[in-house]
Amino acid sequence: MTPIQNAQQIFNRQHKNLPEITVYAPGRVNIIGEHTDYNDGFVMPCAINFGTAVSGTKRDDHIWNVYAADLDETDEFSLNVEIPKSEHKWANYVRGVVKFIQERYPDFQQGANLVISGNVPLSSGLSSSAALEVAVGKFCQQLGDLPLSHTDIALNGQKAENQFVGANCGNMDQLISALGQENHLLMIDCRSLETTPTPVPQDVAVIIVNSNVPHDLVTGEYNTRRQQCEEAAKFFDVKALRDVSVEQFQKREAELTALSPLAAKRARHVVTENQRVLDAVEALKNNDLTCLGKLMEASHDSMRDDFEITVPQIDYLVELVQLVIGKSGGARMTGGGFGGCIVALAPHDKVDAVRKIIADNYEKTTGLKETFYVCTASQGVRVI
């Protein structure tokens, strides 16, 4: 059963009527451009065919009653008083989104009964949190007939995650969940918010393999990496590392390394990764999978050696995939790091061989069982 069907059926069962509003927002996978978004840089994700559905109906008071079907937990809060934090982590994503929409539209106090259901694997690096934030934001927009664009909804979700949940994420995850296009990757300029759709070549599959090494960005090293990048930007006297070219970095690399070796390594990753995204757009335009594969490999090496966010299980998965696909595609870690998933672009006729080499070796070597997905690039948030 899809998240949409599940949310609607459970709502009907609980409330004895059909929901007036159902919205759906997808998760995402980032093909290239990691930890560049909060440095005002470039990313190239696509929305995927896994996501989060929210079904609900207006109430005649100010109360939100929210049931998270997949967790079997309920949260309730009022919109006519200051919205406090919940002890349920998932509920804070919902509360944060509503709180910041209220800041923008103080008259928005419409109560609602909601059911949430999703199939984005939690803590996998595929943006279950952004899908939830964007779905709830779109639900609010429909509920209150608010003049919010999909970009507004995305940035409101980011604000909720930064300021209410406490994860200092960039804006990529929410933007792609809101703005994704079917069968396209979306190159996003995280400063101007300009998007450039790039078709996924027809003969290419988007493969995601979850290492099932759990990660938690709120308590992890994510915020430390962000501080190190800000330190490097200050050294170059720029607003963000986006403003430093590869040549400019190389000229002063030794100087920064002497001052702060870690900041230099982090900056080297971000500066070179931004260039790799721009090069990847050109490679895709030319249908040059060999070039794209090299860029993805260089991205992974940079995350492993300079940004230091991969783990041995992830590195091993990438090695296995590269053995099979050779020069006909690429593989790299995707997401915030410290576990989560790898992404690979490979010809459809290599998918079974990729699946087999991982099934034969990964669990035997690591003691963990992978989860294997073949995804399609999908449309962003929508009303059902």
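Glycine too: its Cβ is placed from the backbone N, Cα and C atoms.
These numbers come from a predicted model, not from an experiment.
The active site, proton acceptor annotation in Swiss-Prot covers Asp173. According to DSSP, Asp173 (active site, proton acceptor) is assigned to a helical segment.
In the three-state DSSP reading, Tyr222 (substrate binding site) counts as helix. Annotation source Swiss-Prot lists substrate binding site at Glu34, His35, Thr36, Asp37, Tyr222.
There are 23 other Cβ atoms within 10 Å of the Cβ belonging to Ser128 (ATP binding site). Under DSSP, Ser128 (ATP binding site) is assigned to a helix (H, G or I) in the three-state scheme. As annotated by Swiss-Prot, ATP binding site applies to Ser123, Ser124, Gly125, Leu126, Ser127, Ser128, Ser129, with the evidence given as sequence analysis.
The Mg(2+) binding site annotation in Swiss-Prot covers Ser129, Glu161. Cβ neighbour count for Glu161 (Mg(2+) binding site) (all protein chains, 10 Å cutoff from its Cβ): 26. In this structure, Glu161 (Mg(2+) binding site) is part of a helix by DSSP.
Per Swiss-Prot, site 'Transition state stabilizer' is recorded for Arg28, and the stated evidence type is sequence analysis. Cβ neighbours within 10 Å of Arg28 (site 'Transition state stabilizer'), excluding its own Cβ and spanning all shown chains: 33.
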When the Cα-Cα distance from Leu126 (ATP binding site) is computed for each of the recorded positions Arg28, Thr36, Glu161, which gives the smallest value?
Arg28
Just checking the recorded positions Arg28, Glu34, Tyr222: which sit within 10 A of Ser128 (ATP binding site), CA to CA?
Arg28
To the nearest whole angstrom, state the Cα distance for the pair Thr36 (substrate binding site) and Arg28 (site 'Transition state stabilizer').
16
Of these binding-site residues, Ser127, Ser129, which scores lowest on Cβ atoms within 10 Å?
Ser129
For the substrate site given as Glu34, His35, Thr36, Asp37, Tyr222, which other residues of the same chain have their Cβ within 8 Å of the site's Cβ centre?
Gly33, Tyr38, Asn39, Val43, Gly170, Met172, Arg225, Val270, Gly336
Just give me the nearest neighbour of Asp173 (active site, proton acceptor) among the binding-site residues His35, Ser127, Ser129, Tyr222, Cα to Cα.
Ser127
Using Cα positions only, nearest of the recorded positions to Ser127 (ATP binding site) (Arg28, Asp37, Glu161):
Arg28
